[in-house]
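Everything below concerns the one structure shown next.
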Ligand code: NAD
Ligand code: MG
């Protein structure tokens, strides 16, 4: 019986994780669940999964949550609040596996704490890895933590790697990775109309049902840019070994091209419970609840090269990793601020890459040797992006 802590339990990945966990009560016990502020969903999850701990990061909501629990069957759950509580529950002795499913930079410290504590880290929170890069991978290798990718593409790549492959290790038999992308909702929209795209249109992904931030990232293809950086780190590869492939059907979740010419692909329905179940059961397999793939209903599969003029965010991600050092941290922070402003109606869809590139230009390529440097650069890039946005309006 393994103990699991789900960071970001109330989000799209968190909910899918608990759906899979509930199918295997003999294998997993929920030790801790965390939410930022969605106490209604957290309450229902606590009733169903009976964790020992529940974290409500937003201190103004945690008092309400504690009140809600009083005189109920789940009054015994320990309720913690504040950011530090995330690190506390991610490193509990009773926790074997940590699902890192907080969105954005807010997930870095707890995910890193889990890695340093040698937990099995199921990593969905790609922003944490992109912003901290080598520091994160070093923490994993020093502690001996097992890092299992949840992002569907990286999970697919991991599944296509040789047996016993460990994340972060360079695999000489692999020539390249073909990182698939759906191309998002605007793959075929005339480029000149993209400035008018609304947040509602941008979050409506054709194949996947996800949180708002990653949905906008998919529409700009910054998601694929972050994933390209994530792939370089997880599989110890150079950016030019990662080929982004637009595959609108989202059935192949990525491919690994070996030196002998063999290309291995992982296929399945676009359902995040598949990579989640893979990582939870690893190195075994168990039921995920996903429907079996109907290959006849898929019928055909298409592949295209991405157009960097349509998707400048992808170009910016390649630029950030080429510069290296702090630049991926800057890219990620500027993107988080730009996406938030777009969702808030302050900037246009096409302003997102403008904000990011302007912000990147303000930073010199310095090395990102310590966590303190990364956290400071993250803050500076957020402030710089806010100023750029204020200038655009
Ligand atoms: P979401 O917006 O649905 O959920 C985010 C979760 O993080 C929520 O539980 C929320 O309470 C928590 N959270 C948000 N801000 C927080 C803060 N400041 N402090 C603490 N907790 C906070 O997001 P999601 O779609 O589930 O995505 C989560 C992560 O997984 C992201 O990094 C995303 O890129 C990655 N991912 C998601 C999918 C998907 O299908 N949804 C696929 C691949 C990767
Ligand atoms: Mg993905």
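A Cβ is built for glycine as well, from the same backbone N, Cα and C atoms used for every other residue.
227 is the only one of 52, 59, 227, 238 that TrEMBL places in the Mn(2+) site (with 151, 153). In the record from TrEMBL, residues 10, 11, 12, 13, 125, 127, 211 bind NADPH; the candidate from 36, 38, 155 listed for the same site is 38. Counted over all residue pairs in 126, 152, 153, 182, 205, 218, 223, 224, 227, the record's binders of 1-deoxy-D-xylulose 5-phosphate, the longest Cα to Cα distance measures 19 angstrom. In the structure as shown, the Cβ atom of residue 10 (NADPH binding site) sits within 10 Å of 23 other Cβ atoms. Using the Cβ center of 151, 153, 227 for Mn(2+), the list of other same-chain residues with Cβ within 8 Å runs, in sequence order, 126, 149, 152, 154, 155, 179, 223, 224, 230, 231, 254. Listed in sequence order, the binding-site residues near residue 151 (Mn(2+) binding site) (C-alpha within 10 Å of its C-alpha) are 227, out of 10, 12, 38, 227.
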